[in-house]
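Engineer: Got a structure for you, questions after.
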Amino acid sequence: MGNVVAGIVAGLGWCFCTAAASLCSSCCGNDKASSVPPSATSGRRRSVFLLVISIALALAFQYGVAPALQPDGKASEVPRVGGYLIEVWSSGCQYETSELRERCSGNTGVYRVASATVLFFLLAAIAAACKPTANREAWPAKYVLFIFLVAGTVFISNDPLFFPVYMNIGRIGAVMFIFFQQIILIDLAFNLNESWVEKADRVETDEGGGAGRRWFGAILATCGLLYAISFTVIVLMFLFFSGCRSNVAFISVTLAMGIIVTVVQLSGEEASLLTSAVIVTYATYLCLTAVSKNPNGACNPKLGDEDILGIILGIGFTLLSLAWTGWSFTAESKINGGSSDSTEDSSVGNEHLSDGPNDQGVKGVVANQNYGTNTDEETGGRGDAQNGSSKPPRTSWRLNVVLALVACWFSMALTGWGAIETGGNAANPDVSNVSMWMIISSQWLALSLYLWTLVAPKLFPDRDFS
């Protein structure tokens, strides 16, 4: 009986170990047989996954580790090591109250993870620039390297490496990402509108009898819903956040610019009302976020509340732009400076390799860059051997640079751009004048860029803005 039980346990253990190893390999390494090379998108997926891990670690350092490393925290009970960690995490945080000192330590905890993330992606960018396939290779080792980088920052003093050196570097990188993010989100809104219109036209062509009207009705209903949400939020902001002139100005500009971009869009020939609705809703969200970051209690009724929803929405928009950056042809053209000559040449050179519908080329980080056929992964990479002239993209390093900028952005978003309010009105780390002005500036940038996309073809009709 004992032998039977032992055999069953051994079999179950083998199954569980195999499943665990497969899961770990899928997340951190190649999810196929050793003879099959990683897929074209494996590097992008795992890069974004690592960024999500870094955000989670930053939140853990800010709200879990930093409070424990205060003079009266749990780390004080650990001999020698605890005292050393308390000292290095408290350096540069000489504030009057324990609350501000803890907040400062929490901010530097975010900087530690973010700086390790920035360094990792910069190293990955250098590796990808030297060897284009490096972006999708050796991911288990890369995760180990990232863990060691984060662990190493725990023992480094705040002053001056993290506060203020990295803080200022992070501010610059975050501003660069904000500019890039607005371009990506505007591009996403345009493509969403074009996709729905194309589906409506396709259904009308295939089925006839006004079948495409359902899609046009869905577009109009979505536009109406988004505009209704925006108008409702603007009215609520006038009711609850109009205690000071700055908030009134922000809300008024949002309302005026929303009307202007909608009118300009309706006066054009292209049907992109859904794009305007998405941009106006996004601008309204940014305005609400900005006024909720005002540290003046007279004009911010939310002061004192933990803005968990705002953090979740902010990270959500970032992940959305990341997904679009990683998988979209248009976003990739933005990363590559709009040049697609080399990729077009590559796709033309590989057209003769397709023999059927199942041989559609797998696209890489660069649009139209062929990594081989879909059947390559199933046949052990024979397509790569047959296609000796097919080269991996040489621009995947740029995606790593963008991810490094994202790391700068989330470190600023979680710490209120490094500003620690010394007054009694500030209730959480991301409430500050710096956060308020950075968010409203990004809104003005988004609206200005979108307005330019509407008026530029009219001002310069001889130029191609497609």
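Heads up, the Cβ atoms here are built off N, Cα and C, so glycines get one too.
From TrEMBL, here are the annotated features:
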COMPBIAS  335-349  compositional bias 'Polar residues'
REGION    335-393  region 'Disordered'
SIGNAL    1-21  signal peptide
TRANSMEM  48-66  transmembrane segment
TRANSMEM  110-129  transmembrane segment
TRANSMEM  141-157  transmembrane segment
TRANSMEM  169-190  transmembrane segment
TRANSMEM  215-241  transmembrane segment
TRANSMEM  248-266  transmembrane segment
TRANSMEM  308-327  transmembrane segment
TRANSMEM  399-420  transmembrane segment
TRANSMEM  435-456  transmembrane segment
Engineer: Is it true that the transmembrane segment (435-456) and the transmembrane segment (141-157) have 3 or more CB pairs under 8 Å, sequence gap of 6 or more?
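Structural biologist: Result for the transmembrane segment (435-456) with the transmembrane segment (141-157) is no.
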Engineer: What same-chain residues lie close to the transmembrane segment (248-266): Cβ under 8 Å, and 6 or more beyond its ends?
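Structural biologist: Distal contacts: 230, 234, 237-238, 241-242, 272-273, 275-276, 279-280, 283-284, 287, 290-291, 440, 443-444, 447, 450-451, 454-455.
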Engineer: State, in range form, which of 141-157, 169-190, 399-420 has the highest count of Cβ pairs under 8 Å to the transmembrane segment (110-129).
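Structural biologist: Result: 399-420.
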